[in-house]
Amino acid sequence: LGLLPSGEEEEEPRAAMKGLSRLLRAREDATQGPAAACHDSLLPNEREFQYAAKMNNLETMEKLFKKNVNINAVDTLKRTAFHFAVARSHISVVDFLLHHKARLDMADQHGLTVIHLAAWTGNLDIMRKLVKAGADQKAINEEGMNVLHFAAQNNSVKIVEYFLQDLHLNDLNKPDGKGKKPFLLASEKGHVDMINNLITLKLFTSEKDKEGNTALHLAAKNGHSKVVEILLEQWEEINDLNQNGETPFYLSVEGGHEKCAELLLEAGSDINVLTQNSSSALQIAIQNRHLSLVAFLIDKNIDLVPKPKQKNSSLHLAVINNHLPVVKSLLDANHDINSLNHKQETPLHLAADLGNVELVEVLLKARCDLKTVDKHGKTALAVASRSNHALIVDMIIKAERYYATKQ
C-alpha cells in the first residue's frame, strides 16, 4: 500500500492490498530523508511534518506545529501525516495528532482512511483511540472494503473481536466490491486463526464472490491446506463450480497444490469434472508442468478418455509441452496412443512436426499407428518430411519396415 515515498506507490493498494506491512516499511529504503519523497503538492514544512510522523519524530512535529504547519496537508496520493503514523503504529504520534484535532475522515486516492490502516496493522490500542475520537467505523475504500475486510485479510483477530463482540457491528460482515465477505478474504489468505475465530463468531459462509468462488475455492486455489482441512469439516457442496466451471479440486491441481488436492479427493471431490473450457484436472496439471500431480491423478484413476469438446487429449498436451516422463506415464496407464485432436492429428503427428526425436522414439516403440492421416490428408511421415526433420523421417520409415515384418 506504499505509505512511503518512492516511485512505486501505484502498484499495490488495490483489492488484496498485498503485503501492506512490508510495503509500509520497505519503500523508502531506496531514498533518504524527507526531501527524497515524491510530495510535489506539499510545502517544505508540510513535507517535513509528514516525514517526522513517519519516523516517529515528535520533537520535529511539535516544532513545526508551533509554526502553524497544516497538519492535515496531503501529498500527491492524498495521504496525511495521520495515515503514515497509523500505518507505522506510532502511538505517540497518533496521540499527538488526536490531541491537535487532526482529521480522521481523510481518505487517500484509494479511499483508505486511518481506521482501515489500523485494522490492517492489527493495532488494537490505536483502533480504540480512533473509535473513541469519532472515526467512521463503517468507512469503505474504493473497493467496498471496511475495517472487517482489512482485519480478516491480514489476520488481525483482536480487531475483528473488538468490532463484533465489543461494538456489536455485525452489519460490517458484508461483501466487498468483489463480492467477498471477510470469511472469504481470510480463506484466500490462509489465515487459520482468523478462520477459526470467524467460525466461532458464526460468520462461516459458503456464499460465492462475484467470480463464483467460495471460501473453499479460494483456499484450494492458493494452496492453504490447513484452511481447506478446516473448511471441509463444515462443507456440503464440495464439487461447487465457479463461473469458469472450476471445482476447488481443479483449482488446487491448477496451482500445483498436492496436499490440497489429496484432502479434497479424500473428502469426495469428483476427479473428472471438466471446466467450461472442457479442461480436465489432468490436462491443467500437464500444461502447468505439475509432474508429481500428474502421477497422483493417474494413480487415482482419472479418466484418460478424451472428450468430444477437448481440442487435445492429455497425451497430445504432454507431447506439445515436451513432457517425456508424462508421455511414458500416460502410455503405461493405457492412454489411447492414436487418439485424434481437433485437427485429426495423432500424438505422433505432433511429435514429428516438432522434431522431437525422443518423443517420436517412445511413440514408435509403443506401436503407434503410422498410417493415420490428419485433416490435410498427411501421415506423420509426410509431416516430418514437410518440416525437414530428416532423422525422424528415417525413424518412421524404419518403423514401418519393422512393423511390416511383425505382421
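Residue numbering: from 1, along the chain as shown.
Using the three backbone atoms N, Cα and C, a Cβ is placed for every residue, glycine included.
A TrEMBL annotation is a machine prediction, not a hand-curated record.
What TrEMBL records for 77-109 (among others) is repeat 'ANK'.
Residues annotated as repeat 'ANK' in TrEMBL: 110-142 (among others). Across the repeat 'ANK' (110-142), the prediction's mean pLDDT works out to 97.
For the repeat 'ANK' (211-243), the DSSP-based tally of helix, strand and coil residues reads 15 helix, 0 strand, 18 coil. Residues or ranges marked as repeat 'ANK' by TrEMBL: 211-243 (among others).
The feature repeat 'ANK' is assigned by TrEMBL to 244-276 (among others). For the repeat 'ANK' (244-276), the residues of the chain that approach it from at least six positions outside its boundaries are 211-212, 214, 216-217, 219-225, 228-229, 232, 235, 238, 284-285, 288, 290, 292-293, 296-297, 300-303, 307, 309-310, judged by C-beta separation under 8 angstroms.
Here TrEMBL flags 310-342 (among others) as repeat 'ANK'. Residues of the same chain lying 6 or more positions beyond the ends of the repeat 'ANK' (310-342) and with a Cβ under 8 Å from any Cβ of it are 274, 278-280, 282-283, 286-287, 289, 291, 294-295, 298, 304, 350-351, 354, 356, 358-359, 362-363, 366-369, 372.
Positions annotated as repeat 'ANK' by TrEMBL: 343-375 (among others). Across the repeat 'ANK' (343-375), the DSSP tally of helix, strand and coil residues reads 17 helix, 0 strand, 16 coil.
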